[in-house]
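Read the structure below first, then the notes.
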Amino acid sequence: MRAEDTLNELGWPWILEALAGRCRLPAGRRQAAALPFLPDAPAVREALARVGEARALSEAGTSLPLGGVADVEPHLDRAAKGGVLEPLALRECAGLARAAARTRATLEPRAAELPRLWALAEALSPSAGVADRIERAIEPDGSISDRASPALAAARDRSRGLHRALKAQVEALLDDGDMQRNLRDRYFTIRNDRYVLPVLASARGQVPGIVHNASQSGQTLFVEPDSMVELGNELSIANAMAAEEEQRILRELSQALTAGAGALARDLQLLARLDLLEAEARLASDLDAHAPEVGPEPAGFELLSLRHPLLVLQAKKVVASHVRLSPPQRALIVSGPNGGGKTVAITAVGLSALMLRAGLPVAAAEGSRLPFYLEVKAAVDERGDLTKDLSTFTAHLTAVKDMLAGAVPGSLILVDEIAADTDPREGAALAAAILEALVERGATVLVTTHLDELKALALTDARYGNARVGFDAERLVPTYQVHLGAPGSSSAIEVAARVGLPPAVVERARAARHGQGGALGEALRALDDERGRLAAERRGAEEARAAARAAEQRARAAEEAARRAERDAGARMGAALAEEIEAARAEVAELMAELQAQPSVKKAAESKARLDAWHATVSQAAEATRARAEAGPEALPGGELKPGARVRILSLGQEGEVVEVDGKDALVRAGPLKIRRPVKDLLALAGKARDAGLARTRGEKLAAASAARPDAPVSAERRLDARGLRVEELLREVDRFLDRMYSDGEAECVVLHGHGTGALKQALRDHLAASPYVGASRSGDRHEGGDAVTVIGLRR
């Protein structure tokens with residue numbers, strides 16, 4: 001059996017065709033068509049990793065800059081031999097050099113994340129110097145540019161000037177009345193780069209000059225008048241000089257390519273390899289393919305959601321199946337109805353094994369496992385050959401004979417309808433013997449069959465496993481789904497009914513089947529039904545166990561949450577208190593700013609008293625929280641929640657008075673603070689009851705207030721109150737203020753701007769950063785007013 005036969009039967013040429021169709025370079029398509037099989041598992045893993053990097057690059061939206069690379073191998077061969085290339089050939093070689101440099105530059109910044117792609121790109125030529133020379137000299141359409149050399153530009157300028165002079169002279173002759181009588185028509189043309197007039201043959205003697213051509217009839221002569229010969233000669237000389245200079249330029253550019261032809265040839269092969277990798281990545285995306293784990297061969301295989309890649313490429317609706325062979329199994333026997341997908345299943349495995357050997361991801365889900373098979377052999381489509389005196393059965397056995405001769409550990413053998421097309425009893429015995437011989441040789445085997453005796457092997461020998469393709473008995477159609485662990489009925493009579501055989505014939509066949517004593521077949525069908533029933537019960541039991549486990553996990557989680565809530569009550573209350581205190585700090589800062597801005601002792605004293613009350617309340621709340629955390633949960637009397645009612649704020653452990661109730665929230669007054677809390681965080685208190693553990697003496701409050709007392713405030717003379725000013729007004733006032741402070745010899749001053757939206761504060765601080773008066777500036781400390789003020793240190 002030839003290796004080409006297996007590749008053709010499994011559809012390998014179509015995979016290569018799909019791969020080549022996704023390449024952009026002719027050289028890449030050639031590499032795809034000759035994609036080799038890799039020598040071992042490590043090489044396969046490395047190849048899969050390269051495809052993975054190319055796929056990651058593509059999914060990131062980056063495509064390698066391979067556009068403009070033509071089939072330049074013949075040009076490079078000619079240049080290497082010292083030949084002179086045509087302009088377009090040179091331009092195509094420049095495109096190759098340009099693409100190599102751009103591709104290298106694209107991958108270099110990603111060298112760390114795409115090390116395998118960079119290993120290829122790093123060897124590309126980094127400079128496109130030869131491309132610059134060629135593109136400067138040759139236009140995209142292949143014409144040589146005047147910029148190619150000064151000599152060429154001068155020759156062409158001379159030629160254009162002579163053309164203008166000759167055109168003017170010949171048009172003057174056409175306007176001459178005497179000349180017009182001797183002409184066939186009033187026009188001129190160019191023959192052999194010479195300006196000529198269409199002179200009547202009968203008037204030849206009337207127009208002195210050189211005859212360059214004649215019409216087919218001979219009635220018209222194309223004559224260059226004597227008066228134009230000298231200018232015509234000069235034009236020919238100018239054109240010859242331009243042509244000679246063009247050839248010199250082409251020789252020079254070709255010689256530059258000759259020196260770098262080897263590097264460019266290497267660049268072409270590297271770009272083709274990168275192009276092929278991009279094509280492999282695109283094919284993997286189109287197949288939704290993934291790299292399987294390349295496991296050791298004795299471990300069997302497991303292909304999750306396997307799909308036949310050729311069917312996917314044909315955009316057909318494909319049923320995915322889970323196909324597995326687990327040790328000690330060495331052979332999988334697939335049975336089921338005709339047209340049910342048996343052949344598709346085993347050839348999908350075989351084609352996946354070939355793709356893996358070539359370093360391509362397979363059309364299966366992530367988590368799949370497939371060994372590196374040393375060889376894959378298939379007998380799927382044997383036909384008879386009358387020229388060789390071979391029947392179908394003989395051709396099939398010839399292929400199997402070759403498989404037996406070459407089977408070794410690490411071989412994957414696929415046989416469709418093994419030992420069919422002969423007497424079923426003898427075919428079954430022969431098939432069993434062939435299977436046993438292949439398994440004993442260490443091969444992995446997948447076969448399809450309708451033979452009940454072969455299906456029964458898996459019931460007595462652990463080296464064999466059964467699988468079946470599904471059949472919908474109600475609709476009489478195959479499901480194409482592979483089910484592991486059980487044989488399948490051929491359902492031949494049901495299939496016959498589906499394709500429309502006469503009902504009488506179908507019923508007679510059913511009666512004959514029951515009268516034939518097919519005990520083994522009936523037993524297998526009964527076993528199949530029982531397996532189905534047990535599988536359904538197992539699924540139901542697993543679902544029930546899963547539900548019970550989920551309920552148990554939820555109960556445990558709830559119990560743990562309750563314990564955690566109890567343990568962390570103090571921490572939660574502390575966090576809530578911190579949130580409330582943080583909200584109060586802004587108001588405290590404003591209050592401090594007002595206090596420091598008051599020149600009146602009376603007003604300062606009033607502000608100071610309010611500040612002391614704030615600090616006392618905060619200290620009381622902190623003390624209450626600590627007491628509650630230490631005491632743990634407590635039972636409190638209930639009452640009605642309404643405005644004026646006394647309540648306990650559970651998260652703070654503090655009492656307060658309800659100001660208003662708004663749905664699920666309530667506004668509570670706690671000392672000088674008004675706090676909005678969820679209703680569920682409040683506990684109504686009966687009457688005026690208070691928790692003695694939460695009460696604070698006046699002396700304790702005063703001590704707390706004294707501890708929080710700030711330093712002496714800054715005098716009003718060194719403070720600018722900028723609240724309410726617009727930015728322009730602020731900056732003018734600040735400049736005047738700083739000038740006065742500097743003149744007064746002050747070392748420090750303060751601008752009060754409040755919190756607001758922050759725009760005023762930011763404009764002020766940007767302005768201060770550029771002021772010559774300012775040595776440094778900062779936000780106020782807490783006792784100075786916090787972020788509502790800016791403290792300025794003046795230069796000295």
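Including glycine, each Cβ sits where the backbone N, Cα and C put it.
Just so you know, TrEMBL annotations are computer predictions that nobody has curated.
Marked as ATP binding site by TrEMBL: Gly336, Pro337, Asn338, Gly339, Gly340, Gly341, Lys342, Thr343. If you look up TrEMBL, you'll see 524-598 marked as coiled coil. The domain 'Smr' annotation in TrEMBL covers 720-795.
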Surrounding CB atoms that lie within 10 Å of the CB of Pro337 (ATP binding site), all protein chains: 24
What counts of helix, strand and coil residues does DSSP assign across the domain 'Smr' (720-795)? 34 helix, 19 strand, 23 coil
The most crowded of the binding-site residues Gly336, Gly341, judged by neighbouring Cβ atoms within 10 Å of its own Cβ, is Gly336
Sparsest Cβ environment (other Cβ within 10 Å) among binding-site residues Gly339, Gly340 belongs to Gly339
Out of Asn338, Thr343, the listed binding-site residues, fewest other Cβ atoms within 10 Å surround the Cβ of Asn338
As a test of the contact definition, list every same-chain residue at least 6 positions from Lys342 (ATP binding site) whose Cβ is closer than 8 Å to its Cβ. Val334, Ser335, Gly336, Asp416, Thr448, Val469
I want the residues beyond Gly336, Pro337, Asn338, Gly339, Gly340, Gly341, Lys342, Thr343 whose C-beta is within 8 angstroms of the mean position of the ATP site's C-beta atoms, in chain order. Val344, Thr448, Val469, Pro478, Tyr480
Reduced DSSP state (H/G/I helix, E/B strand, rest coil) at Thr343 (ATP binding site) is helix
